[in-house]
């Protein structure tokens with residue numbers, strides 16, 4: 001948790017309502033940090049349908065393995081998240097540590113260990129001493145109430161400079177339901193599950209398979225479209241919990257993601273995920289500018305996405321943005337290296353709506369002074385038209401600054 | 001051309017002998033830079049067999065297109081290289097500029113334009129005014145002699161902080177032959193033709209198809225194994241010219257790369273290419289440390305190469321090296337994100353021969369103080385054993401420092 005808040009932090013955090021069936025608590029377990037909370041405990045006493053999307057890393061953390069395994073049963077009673085130690089690459093000890101955490105939490109919540117979901121974020125490779133949760137989680141369960149979501153979002157931060165929260169209220173079968181989400185992540189952020197950790201809760205009565213389908217659909221245009229440094233975490237975890245408490249008010253049970261009554265809910269969920277994903281890009285380590293990259297005219301959407309990610313991950317593009325330089329030559333380079341169909345002589349490139357290149361050369365009308373003035377903005381839009389088809393994509397990233405190097409050269413020390 | 005030489009620059013540059021059949025000249029055409037040479041002109045009056053390997057960018061520069069096209073005939077009479085302007089993404093004008101350059105050089109050398117090979121390096125997207133070569137190339141041809149290879153290497157530099165030269169003397173059929181190479185490249189350096197520009201000359205009598213085969217074989221373990229920032233240039237060009245002048249001394253003509261008499265030559269060529277590739281990594285923009293990454297135990301060599309490149313391109317690994325932090329957790333992350341077969345619980349990781357992790361966890365014998373002391377070295381070796389098979393690879397990269405961000409945030413201004 002940095003002492004300097006990113007200049008890209010939102011000016012206001014949303015007011016987060018309570019979610020029926022969800023009790024929150026945070027605590028200081030002293031895992032790594034001093035003088036701050038490092039544990040989030042969430043109890044869902046009547047149980048919740050659960051869905052999850054995880055890192056595609058071939059070397060996932062022990063908690064990721066645990067969640068994947070227990071997701072099959074589809075029911076959650078508790079969530080435990082700690083910051084400071086990722087419990088990744090900790091071998092057999094790591095697996096034992098997760099099991100012990102689940103047992104301690106299960107005793108606190110009065111449920112089976114398999115109904116406890118666990119996420120850890122922080123340093124990789126250090127053994128996590130789960131006995132530190134002993135007592136702490138029981139106290140959490142006793143003290144957990146409607147809780148503050150702000151406290152929850154703060155407890156899971158590592159190098160984040162601001163807490164990340166979003167909320168939506170939407171109608172389901174004529175009944176208002178709520179979706180709350182929190183996220184953390186600032187570095188080691190890449191496609192295929194971008195943020196390290198994000199948790200979404202709703203009181204809507206939605207079955208686990210439908211929840212999983214909606215979550216996966218929402219991830220495509222949100223967390224899978226954000227990158228800070230192209231580095232994929234071992235711990236990336238997005239989980240969603242649906243308590244169904246709104247059924248008491250008459251909200252219908254949604255068993256199938258295609259259920260038409262759930263369409264507004266699904267749209268609101270995607271919207272919330274996009275907001276959280278953007279918050280992650282805004283808190284990119286050392287970021288001073290938030291960059292939106294839109295690719296159109298690719299042969300298909302997947303191709304457009306790969307081109308957009310190639311631009312978003314290019315250190316040369318990102319340093320140019322940091323230097324407030326509309327260096328479209330580097331955009332051409334990044335399009336070219338994506339390996340996707342592209343025709344140099346059809347490319348068009350704009351910064352903030354100012355077209356700088358068209359048909360394979362600098363736009364004759366291009367005004368460098370106008371573009372340079374635009375590049376001084378905090379939010380930078382880059383648009384690339386490939387000129388071949390109808391494929392489109394939009395991704396978010398941030399600039400690459402000296403502060404990124406500073407933060408990541410000193411992280412462990 | 002930077003005023004501060006990289007601390008990783010070699011202490012001595014090699015003495016480069018003359019190559020029979022090769023005349024060199026450099027000039028100031030005033031393309032972009034002031035007070036330095038920006039043109040290299042090479043005449044091969046009796047002609048030379050020519051081979052080339054180029055960028056895989058889908059948006060290559062106009063000179064790359066020109067060379068690819070003219071390579072088919074297999075004969076070169078002249079090479080023109082300019083620095084300061086890459087003539088990339090310059091549309092129809094760019095193609096005309098290349099043609100005009102070839103015509104001017106052809107008149108100077110007394111050959112067809114199609115026998116002139118051209119490479120350009122520098123800013124992308126700015127039109128290159130080829131009329132600046134008018135007069136300059138004719139004067140080059142008049143003045144070209146045995147020339148100095150140091151001048152040649154200097155004339156093609158852009159953000160390089162030192163010239164890159166290598167030479168080998170090797171026997172071919174009992175007759176000594178020489179191979180000289182020069183290279184430039186410091187940023188926008190990535191696999192699939194890493195350096196932006198490299199040119200190799202020999203007096204050995206080798207046919208174009210054999211030369212092409214040897215060059216492609218040599219690239220695999222040299223330029224395709226070096227990365228500075230993962231960014232692929234639009235202009236990457238490696239060309240080799242064989243004048244055959246050593247035939248006068250009795251060197252046999254090599255028509256086929258499999259010719260056993262050419263084996264030592266082929267090995268010397270690969271060795272020279274590896275030296276040049278390493279020089280490029282040593283001059284990585286802002287580099288303070290040269291990093292060698294060796295991956296063993298992958299399922300096959302291609303898989304090992306992809307894992308090694310994933311490590312070498314990870315901003316988090318590279319900033320950790322800059323911070324002199326043996327952060328093996330980030331190595332695990334980079335192995336995991338490579339998408340190649342890997343088993344977390346079989347990984348072993350060493351820094352400079354000090355094993356820090358084994359069988360999926362920190363090595364019990366690991367001594368952080370010893371490793372930290374090692375990380376203060378200028379040359380850092382990272383070894384990763386995947387524990388699955390026999391696949392191996394070795395790649396070079398450099399650390400990611402604030403200076404990289406500084407150089408690339410200000411390049412155009």
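The backbone N, Cα and C atoms fix where each Cβ goes, and this holds for glycine too.
Annotated features, as they stand in TrEMBL:
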- B:158, B:184, B:195, B:285, B:408, B:413: substrate binding site (BINDING)
- B:195: active site, nucleophile (ACT_SITE)
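Listed binding-site residues B:158, B:184, B:408 compared with chain A at a CB cut-off under 8 A give B:408 as the close ones. When Cβ neighbours within 10 Å are tallied across all protein chains shown, the highest count among the binding-site residues B:158, B:408 belongs to B:408. The number of other Cβ atoms within 10 Å of the Cβ belonging to residue B:285 (substrate binding site), over all protein chains shown, comes to 29. Its Cβ taken as reference, residue B:184 (substrate binding site) is surrounded by 29 other Cβ atoms within 10 Å in the chains shown. When secondary structure is read from DSSP and collapsed to three states, residue B:184 (substrate binding site) falls in the strand class.
In the three-state DSSP assignment, the secondary structure recorded for residue B:285 (substrate binding site) is coil.
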